Every structure is written in C-alpha cells, then in structure tokens.
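**Q** As listed in Swiss-Prot for this protein:
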type	residues	note
BINDING	465, 466, 467, 468, 469, 470	ATP binding site
COMPBIAS	1-18	compositional bias 'Basic residues'
REGION	1-21	region 'Disordered'
REGION	212-255	region 'Disordered'
REGION	274-295	region 'Disordered'
TOPO_DOM	196-780	topological domain 'Cytoplasmic'
TRANSMEM	31-51	transmembrane segment
TRANSMEM	60-80	transmembrane segment
TRANSMEM	93-113	transmembrane segment
TRANSMEM	145-165	transmembrane segment
TRANSMEM	175-195	transmembrane segment
C-alpha cells in the first residue's frame, strides 16, 4: 500500500513542477526583453567602455546606419515580450525592417564609393579592402565626422551586386530591396494599394483645380466692388495737425525698423525727381559748345582702333600640367586626427570640420569648442608644426566670414598653377573687363582674378627669388591678352634691365622700356603731366572720370559724325623701386605720391615692385596712398609688417606663394601665383608685334639726362690749391687746411670742387685722394 501511495505522489510533483515552469516561462521572455532594451540604450548613448565598444562594433557592421542595430534589438525585445516565443526573428515586421536596412546600407555604400572615386582616393577595385581602409586604417569607426557608407555589411552587399550588375545595377537592386521591405513592413500588396488609392488622389486633385479656377473667374459685380475697395484704400486721409504736434513733442525716439521703413519710402518717392534733375544737369554739362571742339585738348596715347587687330589666344600659352596629389589625400585624414589629438593634449577641445587641399598648402578648418579662446589656438603654432612634422604652419584666426580657425600646412609636393588655366577659368571673369589680371589660385583651388581699376594701385614686395617678377609678367600678360593697344597703354620702368626688356616693341607701350634710373624720375613726371592734362579734359567736357569721358566721346562722335579716339587706360609698372629711391628718392616719391592720390579717376594705375621692403624704400607716404598689397616670402616679420601692416609673409614658402591684400579687405588671402615662362611671354609678344608695331608718344619718352658738373663760383684759393696738389701729386682736406690756414669747411669745399672738375679722384677712406691731373695737362 505504501508503494502505491508513493507512485501516486510522484506524478503529482511532476505536474506541479511543470505548472511552475509554465508560469515562469513568460517571465523569462520579459526579463530577456528588458535586458535587450537595456543593451540597446547603452549602445545608443555609448555609456562606458561597453557602450563605446558596442557602438564601434555597430559602426563596423552598419557604417553610418549604426543606430539601426540598437533599434532592431529593441524591436526584437518587444516581439519577445509580446509573442513570448523565440522565433520572433522570422516575424514579417522584422524581415521587412531588415530588407529596408539592407537597401539603405547598399545606397550608402554606392555613395561612399562614388565619393572616393571623385576624390581620386580609390586605390583598388576591392570593395572590402577599401571599406576596411576607411573603417580601420583611417580610424573611421571612432571618428563621427567622416562618411562610413554601409559598413562591412554594406560592403558585402555592394561587392555582390557590383560584380553581378555593376554600380548602376546596385542602385536598382537597392530600390527593389526597399520596395520589398515596405511591402513586408506594411503587410499590404503594392499594386492593389495603388489601384485603390489612385482614384482617390485624382479626385482630390480635380477638386482643388476646379476650386482654383472658380476663384480666379470673378463676376462683374465682384470686380466693381474690388475696384471701389482699392480706391478707398488709395485715397489719402486728411492730416491731423494735433497728432503731428503730439509726435513732434514726444521726446522718445522711434524704433529702428520704423525709421528704416520711413526713410525707404521717402527715398522711393523723391528718387525719380532727383534722378531726372541729375540727368538733365549731366546732359547740360556734357553738351559741348561747338566753338570748343574736343581736339583742343589732345590726349597723349590716344589712337584710332586697329580693326584688324586680334587679341592673343590662350592657346599660345602652355596647357596646365596635371600634378599627382594622391599622396596628400592619404595624409589629410591622419593629419586631421593628429590636430584634434594635439589640441586635446593641451586641454583645447576642437573638431576639424573641413579640409581644403590647395596647390601649395592644405587648409584645415578647426571649430573650437564653446569657451575656447582663439589666442590659445594661435599660441600652439609651434606645437602643431611639431606634431605634423611640417616645416612651418600659418594660422588664420578666425577665417573671415566663418566661425572657424584656419591652419595652413605646406604640401609635400607643390602643384604648379599655370597662367592659362587661371585666364580660362569662368570664376569672376567678366569678358568686358579690360584690366582684369590673373594672380593664381587660392587655398581652396579657386582661380583668383582682380580688376586693376578697382585696386586701383598695387605694391608688390618680397625677397629675391620669391616670385615678384613672374607675378609682374603675369599681370602684364593678362592685360595684353584682354585689351587692344588703343584701350590700354603702358609705361614700364626696369632698372634691372633684364626683366621687362622682352616687352620692348609691343604696341601697348607709350615709350621704350626705361632702364636708366636717372630717366625713371623724368618718366614718372611725364605721367604726372599726362594726368594733369586729363583732368583739364574732364573739366572742359564736364565729366568726372575716364569712363564718363569715353562715353562722352562716343556720344560726340555719333552726333557730329567724327572719329575722336577714346582715352586709353595707362598702367605704370616699376619693377624695382629700391634702385630708383637710391638715385632720386625725392623726385620719385613725389611723382608716385601724386599719381597714387589722384590718378585713379584719370585711368592711370601703378604697379610697384621691390625686393627690399624697408621703410626707407616703401615710405609711409607711398604706403598710405597704395591700398592694395601683394607680399611674397620675406625674411622677417618686420618686413611683413612693412608690406601688409601685419605678420604672415615671413611664413610663406616662396616660389609664387603670396598674400594678397586688396583695398578694403580686413585680412589677406593666400594665393599660389600663376607661373608664366619666358617662352610663353616671347610667343605672345611676337604675336602682338607681328600685327602692329609700337607707336611711341614723343611727349612720353624721357630725354637724355646730361650730367653737368656744378660750375658755381670757385674759391679764390682754388687755383693755388690745384697747383699745389698737382705739384705734390697728393690731396687731402687736412693738407689744404695746414698750407693755406683755412677752416675745415672751406678746405672741404675746395676739394669737392676739384673732384667735380676731374682734378682729384673720390675719397678712399683714410688715404689721400688720387690726383688725376698731371703738370703737363695743367700747363696746357
């Protein structure tokens, strides 16, 4: 009996255990769901080492769609908690989400490889290798700024579809995956849904279209009501004088928007009358008296247009040489990481937002964190150069127009910029601008061109071999290739005798290239006289500048059927100012100052270059009147401040690397100058000379400078002193002092007179002067 009772109790215990297990099974699913949701939250917010590790693993798998993994985990957890069974991964919603995710990964990877191909960074055809390089080699899984595509899963999908149906087919496959995912996610077939919804959509469109047409068609009665309403609105209201007095007595000023709006209305109301008055006055002023023809005031350099003249083509210049900068692309990501780590090691939190690869330097745009002083970033220049192993860096803090700091790092290989590619660029290149000159390309690679008549004068300075003469040649070539000889004339002064002589004979010259420094001051004075003569013309014709005068000449020619020449622009080019300042500093400085102050309206522009940017060459008066500056590499920050009124030029690389500070700009722009070879210059010059010979203006050619010895009244002891010096064959001031018992000033004056007349030679330090005259010549 006892055994039978034990057998009966055993099944009862098993049933109780099974009952407890069946009650606990839903709780396990609840616990599993809660744990999965917790893991997903840790992944999303990257809590601790586990969160960051899971997030990095998610980026490795899914790339830029790494957030989808924790959300898929949350969806799976909810299915566990609701369905209370394993196998939820086969659920229709989960499968639909996976299809949609796969399409997004494929789209992202197609875009990633298009970007890599356009950036010329793609080194192989293997999608898996290139993705591994982006994710692991370049530390992409820890960098949240760059694009990662679809991760390794996206790389597998892209590699599979690319090998089967190419890149375009991979995009089509992505669309198909997206449609399949939407169908599975919604649980509705696509075609029946479209068949059901299309008529409803078409009816809505028809109703809206009919309502719009009905609203646009108005009855005659409605039109009359609208016209009456508009008349009542436009009818002026009577002015209440009491309100005006109250406004006048009110001392509180009106708010700024009201004042602005009120002023704009007044200007709009009174502007037509003022414009008509100005036009009538201008017509009265510009109308010449028939008794005073235009030819009473001839313009130097004016000539009739040679209609057969053809501008030189850009094909005469060498085509740009393609440069390989693939090595620089590999360094960009690594240098960006080094910059962020270097700043972080000094307690400065920053982020690299943008990188510009230029011809000579790479510019990294740094966005500092809130509360970081710009001065702290600038003070770390040497540490940044050490971290990047760079020869020298330049920091632009801040970048004008941006809330970022620019760090310019020299490239390992400098890409040459040709003048042809700059002149052929479509950026800032109006065809009607005759004085548009090409300078080069900036850090972002954009062609930099500027109009000389807007500068209006430019000072170019830099050390020897930094690229000044090439820049001057590029400016001259730009003008020759855009302007005909009757439109622009030039006066060239080249004391070095080798830089500008190649342009001798071109029809744009007013006079042959001036190479004698003593004639240069005279040439500048001739240009000043031409400027004064032009202002007399402006006064006579009632115009204010060269553009107004040329418009007046065209109107005069049309009205009187005459052909008076237009007034040409004049560009004065001085290749070495230091030599001129040594020979005739006062005359040169006065002429340059007058031209810089007044010549802009007369159409005369200065281009002055020097390799000695010191204060005795670039004086304060010259700097004050020449607003635009171009600085090449200099030896010290003092020279940079002399040119730009600020440091920066001492960190340039040379070979055309320049800082361009146009008039009105707050900070200079870094440019890699355009290179033009001697062969290109000769080709263009020969092409121009073959079409038209130079017609020099006699009034602008400097005359021979005669060196006349000063024949002032000689000292009464002069003849005796000469006789003594010739007899003794030696001469000195102290000897004349002792022999004739005179003071030092009188003795020195006698010796100077002897030197001026060729009796004695120049001083040789502490030695006596050498006597040039012999006794036989003296007796003759």
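Placement of Cβ uses the backbone N, Cα and C atoms for every residue, glycine included.
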**Q** For residue 466 (ATP binding site), just count the other CB atoms lying within 10 A of its CB, please.
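**A** Its Cβ shell of radius 10 Å holds 26 other Cβ atoms.
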**Q** How about the transmembrane segment (93-113) and the transmembrane segment (175-195): at least 3 CB pairs under 8 Å, pairs 6 or more apart in sequence, or not?
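**A** Between the transmembrane segment (93-113) and the transmembrane segment (175-195), contact is present.
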**Q** Of 465, 467, 469, 470, which of the binding-site residues has the most Cβ neighbours inside 10 Å?
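**A** Max Cβ neighbours within 10 Å, all protein chains included: 467.
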**Q** What residues in the same chain, six or more past the boundaries of the transmembrane segment (175-195), come closer than 8 Å to it by Cβ-Cβ distance?
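**A** Distant Cβ neighbours of the transmembrane segment (175-195) are 92-93, 95-104, 106.
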**Q** Please list, in sequence order, the residues in the chain of residue 468 (ATP binding site) that are at least six apart in sequence and whose C-beta is under 8 Å away from its C-beta.
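**A** When sequence neighbours closer than 6 are ignored, residue 468 (ATP binding site) has 460, 461, 462, 609, 611, 632 within Cβ distance under 8 Å.
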**Q** Excluding 465, 466, 467, 468, 469, 470, please set out which residues of the same chain place their CB within 8 Å of the center of the CB atoms of the ATP site, keeping sequence order.
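**A** Along the chain, the qualifying residues are 462, 464, 471, 632, 656.
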**Q** Restricting to the topological domain 'Cytoplasmic' (196-780), report the mean pLDDT as a whole number.
**A** 79
**Q** Could you tell me which three-state DSSP class residue 470 (ATP binding site) falls into?
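**A** Where residue 470 (ATP binding site) sits, the three-state DSSP reduction gives helix.
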